[in-house]
Amino acid sequence: MSNPSAGASSKSKVGSSQPSETSFKRKRGVFQKDLQHMMYGFGDDPNPLPETVALVEDIVVEYVTDMAHKAQDIGSKRGKLSVEDFLYLIRKDLPKLNRCTELLSMQEELKQARKAFEVDEEKLGTLE
Amino acid sequence: MKQSKDPFEAALEEQEESPPDSPVGEDELNSQTPNEPQNQTDGGHNLLVDDDDYDDMGPNIKNPSHPSSSSTPKLHSTSVNANVATRATTKNKEYDDDEEEENVEVELSKFPSSADPAKMAKMQAILSQFTENQMSRYESFRRSALQRSNMRRLLVSITGSQKISLPMTIVVCGIAKMFVGELVEKARIVMTERTESGPIRPCHIREAYRRLKLEGKVPKRSVQRLFR
């Protein structure tokens, strides 16, 4: 009676009545807490309306999903998915692109810093 | 005189193009933190983690969890620093835990390329004039982030592959955060056009989303989503 495809589309916004499987069921409010602070930071009320937050979360998840699918299409030509695919997708959007390169370089620096920190700690340890 | 180069500084200088004012940057930093000679003898680390995400109060202020930072109140009242300090630990948990030890002792002499002294000075001039309200909003703006673990789970479920690298998660979180920013800002514009006030309502977000789609900032689905 019910459409067999409806059961197959387990990732869509089905109610939480179904038992959770290994796949990620779209649980409500995954990003809710973070999104509230984020929206306040970007100009909303200190307490955004819950329905607004839910809507923004849905939009963001859809955005990330679409981006990931597109990146996968690009990456499949190369073989596997990599960061460059995402960077290629946002190449037209300069603020995002700059921000991403900044994030990546910061992460590199931190990795180096941590490595150097551990090396120095070892040195100090052996001295004492 | 410059202190002896530790391997990290040397590595950094190799990594990045050395801006011509980097010695100036060092001297500035040294002159502004005269009370901290012990840091230099501590193993020669001179790295202030200046990055935007990891130090909210501007590049010249060390992480507030460092006990001696209160002796050098830069621009803000120490109450703000204390406020930030209590949340500094929760904030640091968002990033890797190792980073917390990093922040305590280290001081970057070489700032990332976006933070040349002129820009930093401008930034601090602006920040010093913020009202309490503005400061708290700015703090939320800087500190808020989507959880990497949740994002990673989402990406795994979308792509079906378990191999989602850490840089990819970071990049996607950053992109998503900026997207939220665009949405909220446009929603505010919509609200002022309709001369409404108060918290943002879903209708504003929907209108903002529609406009973003028209501008082409939202990737279009190649396959229409039929069953919601």
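One-based numbering along the chain as shown.
A Cβ is built for glycine as well, from the same backbone N, Cα and C atoms used for every other residue.
Per TrEMBL, these features apply:
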REGION    B:1-103  region 'Disordered'
COMPBIAS  B:11-29  compositional bias 'Acidic residues'
COMPBIAS  B:30-43  compositional bias 'Polar residues'
COMPBIAS  B:59-79  compositional bias 'Low complexity'
COMPBIAS  B:80-89  compositional bias 'Polar residues'
DOMAIN    B:126-211  domain 'TAFII28-like protein'
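Secondary structure of the domain 'TAFII28-like protein' (B:126-211) per DSSP (helix as H, G, I; strand as E, B; remaining residues coil): 65 helix, 0 strand, 21 coil. Taken together, the residues in the domain 'TAFII28-like protein' (B:126-211) have a mean pLDDT of 91 on the 0 to 100 scale.
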